[in-house]
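As given in Swiss-Prot:
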- D766, N770, D777: Ca(2+) 1 binding site (BINDING)
- 38-142: domain 'Calponin-homology (CH) 1' (DOMAIN)
- 151-257: domain 'Calponin-homology (CH) 2' (DOMAIN)
- 753-788: domain 'EF-hand 1' (DOMAIN)
- 789-824: domain 'EF-hand 2' (DOMAIN)
- 401-506: repeat 'Spectrin 2' (REPEAT)
- 516-627: repeat 'Spectrin 3' (REPEAT)
Amino acid sequence: MNQIEPGVQYNYVYEDDEYMIQEEEWDRDLLLDPAWEKQQRKTFTAWCNSHLRKAGTQIENIEEDFRNGLKLMLLLEVISGERLPKPDRGKMRFHKIANVNKALDYIASKGVKLVSIGAEEIVDGNVKMTLGMIWTIILRFAIQDISVEETSAKEGLLLWCQRKTAPYRNVNIQNFHTSWKDGLGLCALIHRHRPDLIDYSKLNKDDPIGNINLAMEIAEKHLDIPKMLDAEDIVNTPKPDERAIMTYVSCFYHAFAGAEQAETAANRICKVLAVNQENERLMEEYERLASELLEWIRRTIPWLENRTPEKTMQAMQKKLEDFRDYRRKHKPPKVQEKCQLEINFNTLQTKLRISNRPAFMPSEGKMVSDIAGAWQRLEQAEKGYEEWLLNEIRRLERVEHLAEKFRQKASTHETWAYGKEQILLQKDYESSTLTEVRALLRKHEAFESDLAAHQDRVEQIAAIAQELNELDYHDAVNVNDRCQKICDQWDRLGTLTQKRREALERTEKLLETIDQLHLEFAKRAAPFNNWMEGAMEDLQDMFIVHSIEEIQSLITAHEQFKATLPEADGERQSILAIQNEVEKVIQSYSIRISSSNPYSTVTVDEIRSKWDKVKQLVPIRDQSLQEELARQHANERLRRQFAAQANAIGPWIQNKMEEIARSSIQITGALEDQMNQLKQYEHNIINYKNNIDKLEGDHQLIQEALVFDNKHTNYTMEHIRVGWELLLTTIARTINEVETQILTRDAKGITQEQMNEFRASFNHFDRRKNGLMDHEDFRACLISMGYDLGEAEFARIMTLVDPNGQGTVTFQSFIDFMTRETADTDTAEQVIASFRILASDKPYILAEELRRELPPDQAQYCIKRMPAYSGPGSVPGALDYTAFSSALYGESDL
């Protein structure tokens, strides 16, 4: 077997087409590139399988499956559609070589000269030789026949691709390698021929692998083109294999070119059929139009020949209008149809003659001459029809005018007379008031005048009916019947009018009598009703009294009211008698009117009901007044009981307040003696609490009884409560002040004599004796004690004794100031010096030093309130004791 050395290349030459001579980039470089070899192996395998599957087989390994020559021969038979010589079935090497040679001989018979490709290399599985052989087959059977504008093979296929993809953005096909790397070219080919399979607008040029895979998947699924390329190989190879791409793209050409050829053949057939169908359509259209036109003529002629006169003007006018519509609307389109029918007939005959078709022969009776004859008969029937219509209309016009005049007058009279009989038959006066009856009588007089005015119209109606009978009006029977009904009704209206007048006059006299009785009733019932309403209001009036005298006055007034009841009852009976007389008259003459009084809104039932109500309220009022009298007696007892206690408690509280005040300002004796005296006062006050509680109980009873005044005492419970609470507050405050004075005296080293002197000075300048000095009193006090004060110094002292700026100085503030002025006190500097000792002369102190030197609670107090130290030499956790000490004495903003 001959081996192909690395530098050896195979060649193939077509006898008839020199463009197939090998090229350097197609043979030498391609077969030496492993990447290209991989692409060719996959593409050629897929291409072979796309044809072998038609024979129910396929290959897996291109260099192995063609070694025995059997599938190679089968591939050529499927591609060419021709039968090759019968293969050898042996499995020996020479059998395989013989089969491969048969295949190569067949290729050579198609005008392809195989150079350097021998059967032995194929049988030995030489990959490069096998790929070269398959490429030769692809060129001959898949690419050679491609021709676009006299170009062939590769150039033709490239030109076809360029034209198909020219309209697409980002697609520029210049070769069969790099121009296809982004996949948009394949997608554009599919979209150009099958836009339903792919949405080109959604493709992304930056996704070449996705584009290639999408195109191959759609081609495999919808175009029956198997996947022949590997998207990653195409994208990742600088220059993809040209043969592989040409092979795959040629499949698109054959898939779409076959469809175009079929479309061309179908268009040719459709064109021929369209001409024939158009001729048939014109024939059918002629037959249809001719039939419709002849049918219209057949229906119209009898209508035009009909001269039967109508009985009414409207019917004749309808005939005239129909004829005018015929001339204006119906006939012109038919004239156009007749003309168009002749044109269509001539056009059809011309088309048939040009297209070598036999002449058109309409069905029997539908020739152009038949249509012309029918049209002539139509125009003959049309003559004179309009003149006959106008004469008949003039004849009916006079009769119709009289008939319309009769109808108008009859309708006017009937409209006027409608409901008149029912009105005259009404007995509405039987249930009407006098005013309403008088109005009905005046209304009836107006009707009688109207009735007389309509006499002329009735006579005119009868005269017109007579004339229509003489003119032999077609509807004379109905006219006579209507006229007779009008005359009969007229006679009845005259009779009913006279009877109604008599009834109205009789009813008027009866109602005048009733009206006088109603007026008398109204004059007497209204005052009596007002009296009863006032009485009921007084009897139900809610009285509010606060003394026995007030309730006694109400009882006296009620007794006086009861004395007037017999006289009122007599008036009530007189009023009821008037109403009874009214009802007697109504029943005697069967007058169906309401017994209600038009002059009064007061009814008999209302009078009876209110009188009964008055009689019921009198004893109820008696009982309420007596109960209130008893309640006022009980309230008076409560007032006296409360007053007795309040008049004793009030002065007692006042006395105790005065005793405490005197004790608080005394300047003799020791503070301890003063404290003992105040404690005794406090004990006595607490023991007096039972009297306050008892008074509270009596006050609760008074409140429950709704007693709001008490003339027996000037003390109210609120006064007692305020005095008692003030007493408790005063004794507690006074005791606290003495305790504070003792504490201050002991803490500051003040002697009792000094304390007494301070008290004497404060009491002297406490001009209002309320335990407070204002600014001027305080200044005078200081001056009396030897202080020579300027404004600035006095202002400083005031901030000490009146820190809240209330404008007053208490005794305790005065004592604190005087003790600071006379005693030895600690200062912020002393406290800072003490903290500096604990901190070992550092400007800051640590928390552990505070916990070590101070009690736990005081150490925690300092740690919580001391600010952090941020001065020189600061360490983490350093605390500023200087700022803290200044804050203790009000010398800092902390």
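Note: Cβ is positioned from N, Cα and C throughout, glycine not excepted.
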Helix, strand and coil counts within the domain 'EF-hand 2' (789-824) (DSSP): 23 helix, 3 strand, 10 coil
Other same-chain residues whose Cβ falls within 8 Å of the Cβ centroid of D766, N770, D777, the recorded Ca(2+) 1 site, in sequence order: F762, F765, R767, R768, K769, G771, L772, M773, D774
Give the helix, strand or coil assignment DSSP yields for D777 (Ca(2+) 1 binding site). helix
Cβ under 8 Å to the domain 'EF-hand 2' (789-824), counting only same-chain residues 6 or more beyond its ends: which ones? 737, 740-741, 744, 748-750, 754-755, 758-759, 762, 771-775, 777-779, 781-783
According to DSSP, which kind of secondary structure is D766 (Ca(2+) 1 binding site) found in, if we only use helix, strand and coil? coil
What count of other C-beta atoms do you get within 10 angstroms of the C-beta of D777 (Ca(2+) 1 binding site), across all chains shown? 18
DSSP helix, strand and coil counts for the domain 'Calponin-homology (CH) 1' (38-142)? 71 helix, 4 strand, 30 coil
Pick out which of the binding-site residues D766, N770 has the most other Cβ atoms within 10 Å of its own Cβ. D766
For the repeat 'Spectrin 3' (516-627), DSSP counts of helix, strand and coil? 88 helix, 0 strand, 24 coil
Taken over the domain 'Calponin-homology (CH) 2' (151-257), the predicted model's pLDDT averages 88
For the repeat 'Spectrin 2' (401-506), jot down how many residues DSSP puts in helix, in strand and in coil. 94 helix, 0 strand, 12 coil
